[in-house]
Structures are given as structure tokens and as C-alpha cells.
């Protein structure tokens, strides 16, 4: 009996120990980090999987093929094809890496890797098609097994057939001995059909700014969930070194349920969720990252370098196989009214023991503190970027157009009057449910967009000058304005191109393509992206598009002329992968194309379609969304790249390039809020640039630095000559219509305060001024009395006409003499003269003293017309 009791006690202890290991992954980490060194340093003789024909399970090593990075912050990618054609399931991940060597690893699945080489620089991309994130590793995170019956589906008819491994090697001192590295991960796969399919839900903040010195900063992300039920079972948090805690929640009917909460300074492994839960249609998934800006001397922004920050929460979930989605992301800022109810625990940092934090044995100060995947720095690359210190674009932060209420901004253009024209999607959005596999639009039932989709905006005041395009479009995309003011637009849902008259009362002047019918012949388009119109010949060009990869040239009346695909300077053409944006260079008869998924610009003869040149920089990254030409400075190209959600090592930014050489002269980003998905760009002839974002639903205005220096003065119509800082501030104030009346009132109050000696009462001043006047009058009366008494009444008229008497000496230059009436009148709202003029700060010292105008208005321009209330209110 005693032996039985002892055995039972032993079993209970073993069971409790295993439960504690599950609840506290740090215990797993402590055990695992002791053996991680040997796992990463061992290069196997072969990485070929051994797959038996009758075996249900097999393993696949996905590892680097004996690489030796030559510099710090190197990103290498390698791909492995699934060794079977059947549908199989990944059920286990066993990493082979050590944080002394590897900064982080990411594992993707796709069908078209970016390269067929044994390994390549990830700066050229990971995959050429849609990717799914399967696994992430950093900070010696332990192996990860999925729950029984759950697997990532790969292969077969619907699953991806390639695995792509990305390894970021941090500090190159780890390779001072030039050894070869085979870091990677071994996958355990099974042919046994899994009833539940795993996926990754990624929440990312894109707009957070962490002010320097601020102790506590929140980054909130939240999205409504609109799919079949999913069941989170693991999570992984991710920031750089300013992050203190990351928390994720399901919000249902106002109740917040914790998915996971962890310090990003601990090993960045997948931890089990706190309690089993489901997420169903109508719920909200929310996350908060808490940062501290203490110790920083300047603001910190979201980005890919070690000096930037990130706020990511990976949620690993499973769904029923019939409705499974492998990857979803959320980048929407959380609404303040939602996060007012977040549990207080989300705001409390998690203390981390020193022995659990990441330390690089060979780290040196020049590379910044590496934090696993969190740093995600842009690889150092040799690139022909020539930055011109005298040329730079910066956001016009005074421009109110950034606050316009818009839908997804798809297209921008400038009309002949330099007004900005915006093409947006109103309340329609383009998401994964918009099209089927044959590119047929699936949401016709909701009808066309009821809002005005085309807005004409004043470039200075941002007032809406004109709006049109109601009940015409389903998913707007490209926009161009010809020399006659006609609007040329594309709709990817309708698969059509429209020419609309500037007069909105007229119907469409031309329509090309068949509504809702994708095709590839001369009479059909397949999700056309953009239009460009030759100002001389009237010929127009259509970028077609998401599924045809061609440029088509038409005559002014819409007759087909020719079409062409991508060109190549090496003799081997690489097909267009979404020709996304067009711009004409009229003086050179060239048409330039932003080839989005190839991350490049290609230029062709606008007459023949002959390939002329290609502009490609590694700083473009994998995607280049839009391009625009301006003749400023001898010819400039402006472009914007895109956010790669699976690889944020390349910053999202704008580029200014010399057209002739293709060199990057400058880059630019907004300061009010960050780019998320900059979709189109438009440049004026004087170098002002506008960028529209299809995710942030925002349009920014950028101006050259020489314009930015006194931009508020120029807007007021003033000459820039001897303008003082005070006058610039006053001019900016006068250009804010909503504040005009209150500011004028404040100005008058200020003048009155200064006239009364800042705190001396009005009665005291009046008394002090009246006393000498009474004395003077008494003296004058006494003198007059004496003179009358001595000389008689006949001399009285001489006194009235004479200016040589005592009163005349006190009159000074003005005819009004000592006009106290004007002093009192100034406090009753009358025009200011006399003593009141002495208290006016902004008076012009060369002004005629008899001029009764208000000297403070000398430097004020009339305010611009206020924006139309329904559109220009703050969003």
C-alpha cells in the first residue's frame, strides 16, 4: 500500500511539473537555451527530407546552406519546395539557431519564391506572390508544437508549395572566424488530415509616435472580426527596446477578455493563451503596446531600424478546415472611446529579470541594441543614392487637407489650375471578399458608391471647390486630368475606363471595357489601374492592370493602336507584375510605369512603346506603388513604395529622383501621421507633391524646403522681405478662419492691457492724466484773466488765432493737440488714435500719424474661404 501511495505521489509531481512548464514558457526557455548553441552550429550533411511512400509523417529541415555573412545586419533568404504533391500539414517547428548569431528568423509559405538561387539577399523580396507567415523565432525561443488535430495546411490544390526562410544576422562579429552557418528550422509534417487548420492573425501599429522623455505612451490597434469563428491558442509579442508590455484582447459586448499579455523584452516565443476562448463574427480584436520615451533625445517613430519602434502582436489560431484562412492582418488605429475601457493590467509594465533579457556576447555599440526580430533593420546595401542637401521635401503641416473625410484614396491628379483632384472609394473597400478567383466582382448587390468620388480641392485652403462622381463607381482606382479638364478614371470592379466631362451635368463622354466582365482582348480590361493622356496628340494609355500586365495605347476617340509588356535592358524581359501607375514625360515623348510588384520604374517611347530605361533601387523594396513626373529642376520623378507586412525592413517613404540619371536625390515621409499604404502621388510643375494613402484614407501635401521656409507668408500674399518671426506667426494666425474672431478680440484686449500698464487700473491712469490737465487749464485761465485785466478785452482774438501760446506749445505736430477724447474712445470700440497708438505693437513707424487705419492689420491678409463643412471636418 505504501508503495502504491509513493507511485501516485510521484505521478502527481510529474504532472504538476508538466503543467507548470505549459503555463510558464520561461521554464521551457531556460531549459532550451542551454542546448540552442549546438543546434545552430551543427550543419547537417544533407537537408533532404526522408519521405517514405507509406509513411504518414516526415520531417523537412529548412536551413541556410552554409552561409557566411560579410557584414552586420545581413538578411538572407532560402527556399525549399514541399517534397510531396499531396496536401500535408505542418504540426511542429524545431528551431536551429542561437541569438549570439541570429537576430531573428521568419518562415513563410508561398508558391513563387523571389529567387531560384540557393540563397539570396532578402532585400530583393521573399516571395513574388501572396505569402503566409507560419513561424517566427527570436531570443532563443523554444520549439513550438501545435495542439493535437491542428496543422498549417500546405500543398495539394489550395496550399502553398514552397517554404521561404528569412534569417537576419545581426552583429557580424559572431563571424569573425568566418565559419559557415546553417541556422533554420525543422518542420514536422503529416499526411493525416487535420480537422482544424492553423493560421496567424497579426496586429500592427503603423502611426505611433513616442515623444522623447515621455514616461508612458500607448499604441492601440483594433479591428472588427468578420469571419467564421477562430480559436486562438498561442500568441507572440514584438517591439523594440522601448516596449514595456504588449496585451491582446477579444472585445465582445463591451467585455474585454485577455488573449495574452507579455513583456517584449523576454524571449519572443509563441506563448499559450491565458484561457481557451473563441472569436466570432462581430467581435473586436484589440491590442495595446506600452512604450517609454525616457532616455531618448528625440521622438521615436514606427519603422524598421533599431532607432525606430514597432508594436506587433501575432495570434496563432485554428479554424474549421472548411472555412480556414491562413493569414490576416490588422493595422487600424484603435478608437479612443473603445480603449477607455481597456483593463488596467494592459498599462502595467512587466518586470523582467536580467538573466531573462536578451544579451549579445559580441554586440558592439554601432549597431544598436538588437531585440530579436523586433529590430528588423534595413539591410546595409551598396546603392547609388546621391542625397542633395539643398533639396528636400517636407510635409506642409498647416495644410488642412490632411483632415478631409475620405474613403480609400486610390487616385490623385492636378488640373490646369493646379487644383488637387482626389479619387476615393467612399464607403466601399477592397478586401479579400471583393473578387473571386476569376477576378469577377462579388459585391454588386451593394450598388455603386453613393458619395461623390471625385473631389476638386483648393491647393492652399483645402476647400472643396467641386464634387462629382456619385452612383457611378464600385471600386475606383486610377485618375488623370487632361488639358481640357476632363477626368479619366478606372474602376477595377467594373473593369472599365471612363472619360468624364468637367461639367458634372453631362454623362460620361467615353466608356471602354464591358461592365463587370474581365478579359484580355482589345475590348476588355482586367482590373485596369491607371490612365495617362498625351497633351499634344490626345492619345491615351491604360495600365491593364492587376491580371493582364500590359500597357494599351488608344487614339483620342478610343480606337485601339497598340499594346506592349515590360522591357529589359539586359535582353531578358521580366514580365510586368501589376503595372500600377503611369506618368508622361511630354518633352521627351516617354511614358513611365510603376511596375508595382517588381519594385521598379520602366520608361517607354510614348509613340512606339519601345523600351527606353529602367530605374530600380533596393531602397524601393519589393513594391513601388506610384510615380509622377514634374519638369521642376530639369526633370524630376517622384515615387512612393509600399508596406510589406511580412518584411518591414524597408521603410515606406517617398522618393525624389533625377529623371535623367535615375539617382535618388531625396526621400520624404509625413510628420503628422505615418504612411500606411501610399497608393498614388501627384507632382505639380513647381515641385509641390501630394500623396494619397488607401489605408490611412489621407492625402498629404509636401513642399520643397525653400517653399516651406515661409510657406505661411506666401499663402497670405506677402513679400518675403525683412519678415520678422513675430510677423510670420501673426500671418499664420490670420490664415486660420475658425480662430479669426477670437484672435482679433484677444489682440484688442492685449492692446488695452498694454495701454493700462499691465495691471494698473483704468481709474488710476485717468486720474493721473486729468490732474496735469486741470493744472494746465488753471494756469491758462489765470494767465488769460491777468491779460484781460492788464491789457483789456481787445486782445482776445489774437489769442485764439495764435499758435505761440502755451496751449500751442503742447499741441505738437498734430492738429488735434492733446486729444484725450480719442484715448477714451479707444476703450469704447472706436478707432484708435492719440495715446492708444502708442500702445500698438505692430504699428508701421513710417506711417503718417494722421492715418486713422488700424496699424495691426497692415500685416494681415484676408482669410481664405473656409472649407465646405460636410467634407473638411476633422477625421
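Just so you know, glycine gets a Cβ as well, placed from its N, Cα and C.
Quantities reported herein were computed from a predicted structural model and do not represent experimental measurements.
Non-local neighbourhood of residue 43 (disulfide bond): 63, 66, 180, 181, 182, each in the same chain, at least six residues away, with C-beta under 8 Å from its C-beta. Residues annotated as disulfide bond in TrEMBL: 43-182 (among others).
According to TrEMBL, the disulfide bond annotation covers 77-122 (among others). Annotation for residue 77 (disulfide bond): same-chain Cβ neighbours under 8 Å, separated by at least 6 residues, are 113, 114, 115, 119, 120, 121, 122, 126, 164, 165, 166, 167.
Positions annotated as disulfide bond by TrEMBL: 110-127 (among others).
The disulfide bond annotation in TrEMBL covers 223-330 (among others).
Long-range Cβ proximity for residue 311 (disulfide bond), meaning a same-chain Cβ under 8 A and a gap of 6 or more residues, is found for 204, 205, 208, 219, 221, 238, 239, 243, 246, 287, 289, 291, 302. Positions annotated as disulfide bond by TrEMBL: 289-311 (among others).
Sequence annotations record features per position, and here TrEMBL assigns repeat 'NHL' to 462-503 (among others). Here the repeat 'NHL' (462-503) returns a mean pLDDT of 95 for the predicted model.
What TrEMBL records for 477, 580, 679 is Zn(2+) binding site.
The repeat 'NHL' annotation in TrEMBL covers 512-557 (among others).
In this view, residue 526 (disulfide bond) is surrounded by 20 other Cβ atoms within 10 Å of its Cβ, with every protein chain counted. The disulfide bond annotation in TrEMBL covers 526-547 (among others).
Long-range contacts of the repeat 'NHL' (567-607) within the same chain: residues 125, 128, 478, 480, 529-536, 539, 541, 543-546, 549-551, 613-616, 620-629, 631, 635, 637, 639, 641-642, 659, 680-681, each at least 6 residues beyond the stretch ends and with a Cβ under 8 Å from a Cβ of the stretch. According to TrEMBL, the repeat 'NHL' annotation covers 567-607 (among others).
Taking Cβ-Cβ distances under 8 Å and a sequence gap of 6 or more within the same chain, the neighbours of residue 592 (disulfide bond) are 582, 583, 584, 585, 601, 602, 603, 604, 627, 629, 637. Sequence annotations record features per position, and here TrEMBL assigns disulfide bond to 592-603 (among others).
The repeat 'NHL' annotation in TrEMBL covers 662-705 (among others).
Annotation comment: TrEMBL describes 759-783 as transmembrane segment.
The compositional bias 'Pro residues' feature in TrEMBL is assigned to 861-875.
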What is the separation, in Å, between the Cα atoms of residue 547 (disulfide bond) and residue 580 (Zn(2+) binding site)? 11
Within 10 Å of the Cβ of residue 547 (disulfide bond), how many other Cβ atoms can you find? Include all protein chains, please. 18
List, in sequence order, the residues of the same chain other than 477, 580, 679 whose Cβ lies within 8 Å of the centroid of the Cβ atoms of the recorded Zn(2+) site. 410, 411, 478, 529, 530, 581, 596, 625, 626, 680, 694
Integer Å value for the Cα distance linking residue 580 (Zn(2+) binding site) with residue 223 (disulfide bond) is 28
For a quick check of understanding: among the binding-site residues 477, 580, 679, which residue's Cβ has the most other Cβ atoms within 10 Å? 477
Which of these recorded positions is closest to residue 330 (disulfide bond) if you go by CA atoms: 110, 127, 477, 526, 679? 679
Listed disulfide-bonded residues 110, 127, 526, filtered to Cα within 10 Å of residue 477 (Zn(2+) binding site): none
Let's check the environment of residue 330 (disulfide bond): how many other CB atoms sit within 10 Å of its CB? 21
